[in-house]
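Q: Got a structure for you, questions after.
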Amino acid sequence: MEHKEAGCQQPEGPILCINNCGFFGSAATMNMCSKCHKEMIMKEEQAKLAASSIDSIVNGCDGGKEHIVAASGSTAVAVAQVEAKTLVVQPTDVAGTSEEVAVVPKVKEGPNRCATCRKRVGLTGFNCRCGNMYCALHRYSDKHECQFDYRTAARDAIAKANPVVKAEKLDKI
């Protein structure tokens, strides 16, 4: 007996993906495998988004509005327009700022030297809190007559790290 169906006939074997990736495709995904089909859909969506963003830049659309771009099928993707950030430049008075020029400290170039014995220290120099660089012999504060007050700095650091907590006095009943 011969069985005839009107319209659709099932293919006799599995169909390879049209991108020749080695996987099998289906008629529902345009003879592509699921991976290639998803990649194709993503590329189409990106192309549509790029085209719409270029159109909005060229046409000068408002930055605060949202536009809805129809994607494949019944899905819709809301695309928020990116507001262009403008840089506000305020003109300054050239004559008024000539007296207010801030002095920028010069960075020492050349060989690094000990501030006490003037010995070259290079990369092995020790920076002190007083702002100078010293060799291994003069790196300690008692060896180079350091002007930095370590006692006050330590006292301030401890006070800052451990604040005094005083509770209010309780009323006697």
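Along the chain as shown, the residues are counted starting at 1.
Using the three backbone atoms N, Cα and C, a Cβ is placed for every residue, glycine included.
The shown structure was predicted, so the numbers you read here are calculated from the model rather than taken from an experiment.
According to Swiss-Prot, the protein carries these features:
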ZN_FING   11-45  zinc finger
BINDING   CYS17, CYS21, CYS33, CYS36  Zn(2+) 1 binding site
ZN_FING   108-154  zinc finger
BINDING   CYS114, CYS117, CYS135, HIS138  Zn(2+) 2 binding site
BINDING   CYS128, CYS130, HIS144, CYS146  Zn(2+) 3 binding site
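Distances, neighbours, how buried they are, the whole picture for these features please.
A: Around the Cβ of CYS33 (Zn(2+) 1 binding site), 20 further Cβ atoms fall within 10 Å across all displayed protein chains.
Averaged across the zinc finger (108-154), the predicted model reaches a pLDDT of 88.
For CYS117 (Zn(2+) 2 binding site), applying a Cβ distance below 8 Å and a minimum sequence separation of six or more within one chain yields CYS135, LEU137, HIS138.
When secondary structure is read from DSSP and collapsed to three states, HIS144 (Zn(2+) 3 binding site) falls in the coil class.
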Q: Sequence gap of 6 or more, C-beta under 8 Å: which same-chain residues meet both conditions with respect to CYS128 (Zn(2+) 3 binding site)?
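A: Set apart from CYS128 (Zn(2+) 3 binding site) by at least 6 residues yet with Cβ under 8 Å, we have TYR134, ARG139, SER141, HIS144, CYS146, PHE148.
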Q: Could you check which of the binding-site residues CYS21, CYS36, CYS114 is the closest Cα neighbour of CYS130 (Zn(2+) 3 binding site)?
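A: Answer for the nearest of the binding-site residues: CYS114.
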Q: Take the C-alpha atoms of CYS17 (Zn(2+) 1 binding site) and CYS114 (Zn(2+) 2 binding site) and report the distance between them in angstrom, rounded.
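A: About 74 Å separates the two Cα atoms.
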